[in-house]
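Features reported for this protein in TrEMBL:
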ACT_SITE  78  active site, proton donor/acceptor
ACT_SITE  191  active site, proton donor/acceptor
BINDING   15, 16, 47, 48, 79, 80, 192, 193  substrate binding site
Ligand code: DGL
């Protein structure tokens with residue numbers, strides 16, 4: 001049963017795992033009155049190495065689960081799910097405001113001086129028709145050259161929770177260094193997990209004498225777009241009055257709670273209630 005959408009209802013934020021927390025932090029900062037439900041599909045991650053149909057099926061199941069919990073809007077805080085499945089989610093729920101994330105090719109094309117932009121993303125994102133169309137469009141309009149780098153295995157490592165491991169450092173070196181060698185002066189973080197290893201990426205940049213490379217993350221822009229959409233639909237949560245409880249945050253995961261709860265604590269310093277669910 002889908003409840004009526006009202007300004008007081010929560011917003012669903014969904015990712016294949018903990019990566020969407022890098023978007024959720026911008027939503028909390030920009031829209032502090034909003035109640036949020038975070039869904040980590042960690043039991044089925046990584047999406048980036050699955051088929052497109054698998055990701056579509058998961059996205060529809062998760063959207064249905066969140067609608068049963070009364071969400072007024074959905075943020076698909078996952079590049080892979082946005083590229084593969086946002087069309088299907090919008091077609092299934094035409095009245096639901098849905099915001100997706102896509103690799104920030106447009107801001108990257110505006111930022112590059114060398115004309116070469118490295119795009120770090122999952123293999124599935126970089127193969128998706130929606131992404132390839134975006135690349136065509138932006139390179140035709142700006143003449144920027146996009147160097148595509150699938151980062152196989154990086155999401156699995158970030159999901160494990162420790163961001164300062166030799167395995168992560170080795171993967172970042174393997175994926176970032178060739179882009180620098182090819183002249184990229186701008187790197188797009190095209191997966192919502194990657195902002196959590198930004199320090200490691202910056203370490204690779206420094207090691208190669210390229211600390212002036214610009215990193216592009218669209219979490220902030222996604223939160224702004226969500227605010228605009230809610231405002232336009234008359235769905236912004238009214239600011240709480242004095243004495244009223246502050247906005248709520250609830251987490252669901254399809255893997256062990258022992259992965260999502262520490263991620264909230266370590267990545268964002270938050271301690272919401274987290275439940276394991278079968279979806
Ligand atoms: N955070 C997801 C994204 O933005 C990761 C996808 C995956 O699970 O591979 O693409």
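Glycine residues also receive a Cβ, built from the backbone N, Cα and C atoms like all the rest.
Here the C-alpha separation of residue 48 (substrate binding site) and residue 78 (active site, proton donor/acceptor) works out to 10 Å. Cβ neighbour density within 10 Å is lowest for 48 among the binding-site residues 15, 48. Surrounding the centroid of the Cβ atoms of 15, 16, 47, 48, 79, 80, 192, 193, where the record places substrate, the chain contributes additional residues within 8 Å, namely 17, 19, 20, 45, 46, 78, 81, 122, 125, 155, 191. Taking the C-alpha positions, the distance from residue 80 (substrate binding site) to residue 191 (active site, proton donor/acceptor) comes to 7 Å.
With respect to Cβ neighbours within 10 Å, the binding-site residues 79, 192 differ, and 192 shows the lowest count. Cα-Cα distances to residue 191 (active site, proton donor/acceptor) place 78, 79 within 10 Å, out of the recorded positions 47, 78, 79. DSSP assigns residue 80 (substrate binding site) to a helix in the three-state reduction. Spanning the residues 15, 16, 47, 48, 79, 80, 192, 193 that the record associates with binding substrate, the maximal Cα-Cα distance equals 12 Å.
For the pair residue 78 (active site, proton donor/acceptor) and residue 15 (substrate binding site), the Cα-Cα distance reads 5 Å.
In sequence order, 17, 18, 19, 22, 154, 155, 158, 159 are the residues near residue 193 (substrate binding site), counting only same-chain partners six or more apart with C-beta under 8 A. Taking all protein chains in view, 34 other C-beta atoms sit within 10 angstroms of the C-beta of residue 16 (substrate binding site).
For residue 47 (substrate binding site), the same-chain residues 6+ apart in sequence whose C-beta sits under 8 angstroms from its C-beta are 16, 41, 54, 55, 58, 78, 80, 81, 84, 122, 124.
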